[in-house]
Amino acid sequence: MSAKDIKFGPEARNLMLDGVNMLANAVKVTLGPKGRNVVLDKSFGGPTITKDGVSVAQEITLEGKFENMGAQMVKEVASKTNDIAGDGTTTATVLAQALVTEGVKSVAAGMNPMDLKRGIDKATEVAVNALHDFSQPCNDTKAIAQVGTISANSDVSVGDIIADAMEKVGQAGVITVEEGSGFENELDVVEGMQFDRGYLSPYFVNNQDTMTADLESPFVLLHDAKISNIRDLLPALEIVQKSSKALLIIAEDIDGEALATLVVNNMRGIVKVAAVKAPGFGDRRKAILEDIAILTGSVVISEEVGLSLEKVTEEHLGTAKRIEIGKENTVIVDGAGKKSNIDGRVNQIKAQIETTTSDYDKEKLLERLAKLSGGVAVIKVGAATEVAMKEKKDHVDDALHATRAAVEEGVVPGGGVALVRTIKALDGLTGDNHDQNIGIDIAKRAMEAPLRQIVTNGGGEASVVLNNVADGKDNYGYNATTEEYGDMLKMGILDPTKVVRAALQHAASISGLMITTEAMITDIPQDATPTASPDMGGMGGMGGGMM
């Protein structure tokens, strides 16, 4: 085991804070409508230009081991916020920096770190509840477009195309983002279904760029039981080989000899095939398999209805225009099922929704309905150059996640105003002791940081703007684009409640851990060991002289 370098107390916290500041200072310049770009050097190809906070954070690894630990913990804040809300990574980073900076100062002044953490946690809990109380539902097309526009750095065309996509496939419909071939953004809507099961083996992947298995006009075989013996699949594989088409197998499970043989055949190019587990469990799995069967024009091979894999014919196999299988999701685009059958199934599910008394069952039925009737919308991003294309695609991805979050939990005034308003909800909050009260005050000051940073990036005077906004009520705030004050909702400056909530919760969580850190341990870098042993000739001569 290599030797360790250990730092304690203030020295450890200050080194960690240096790392936090290095990462946060690079990320926070991107915040707001007048945020700046960051250029990322790539080991291959040209540099990437981005205003996406999580993209900047992920590129940063610091030389100093202790500083890097601090930077990596803040990177975790950005990544977790991105995973849950899909946006708000820069806001989360700014909040984390403010909390850690003030927290480390307070610990240095003699405060108890555990009590500071408890104070921050109490304030965060109350602030999150206040955000939900302040939140307004986001259901109409105009509000959805506004959320998308703000998230895409005030690009109105992005907000409009996302709102249009949601209108066409429904708010629960599947929307994907691709690189287009023209200069303008385009929207394609195709009937389709997505479910949360991916490929059973990474060896089915045939698109290395997206790490997906893309099948064009494949046959679809559905089975409601486990497949372990390859002999069961031979009739279906022979049909597929004769037609030179691909095959997607969806079954309860595929393992052992059957999976191994499919992988080998696929890698050798004998049969283009992919295998996926059937989504859901029990009776719900059977219902979803039947949905897929109706969508693709196939038949579920089930012993319950007297069908077995050994007797499969081409009539039992369905097809679709395209099927994309990722690590965790499968999208079936333009299934070959009859429209009358699909409409009948949709009406059947609607009838079940009306009669069910269970909220859980109703939610699952609504999911199935959206997948059957909603279809898939594809936003094709257009730009003049490849660098601009990548940046624009990041914007559209962020905006799409933000609009989904807005539909899910509602919206609050944007531009950092919502967090400033929640500070008032903390006015009557007190901790169990003085140090916890300091923790609550730290959280209050940190909640001002996003608004301050937005104003600073726009070249304004942060303290003046903050005081003016704090004196206002409800949705009153500052529009950094026009440098005017007014009702943020009327000006179309909205943030999804889920994004603001996730940013605050993750920033508070990681910051609490960093403030309470008392020791840091890392490996001491090893010098290169010499390849040859040193010459011992001199010692031999010395020995000879002493005889």
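Heads up, the Cβ atoms here are built off N, Cα and C, so glycines get one too.
Quick look at what Swiss-Prot lists:
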BINDING   Thr30, Leu31, Gly32, Pro33, Lys51, Asp87, Gly88, Thr89, Thr90, Thr91, Gly415, Asp495  ATP binding site
COMPBIAS  537-547  compositional bias 'Gly residues'
REGION    526-547  region 'Disordered'
Could you tell me the maximum Cα-Cα distance in Å between the residues recorded as binding ATP, namely Thr30, Leu31, Gly32, Pro33, Lys51, Asp87, Gly88, Thr89, Thr90, Thr91, Gly415, Asp495, rounded to a whole number? 17
Out of Thr30, Thr90, give me whichever of these binding-site residues has the highest number of other Cβ atoms within 10 Å. Thr90
Across all protein chains shown, the one of the binding-site residues Gly32, Gly88, Gly415 with the most other Cβ atoms within 10 Å of its Cβ is Gly88
Measure the Cβ-based neighbour count of Lys51 (ATP binding site), defined as the other Cβ atoms within 10 Å of its Cβ. 21
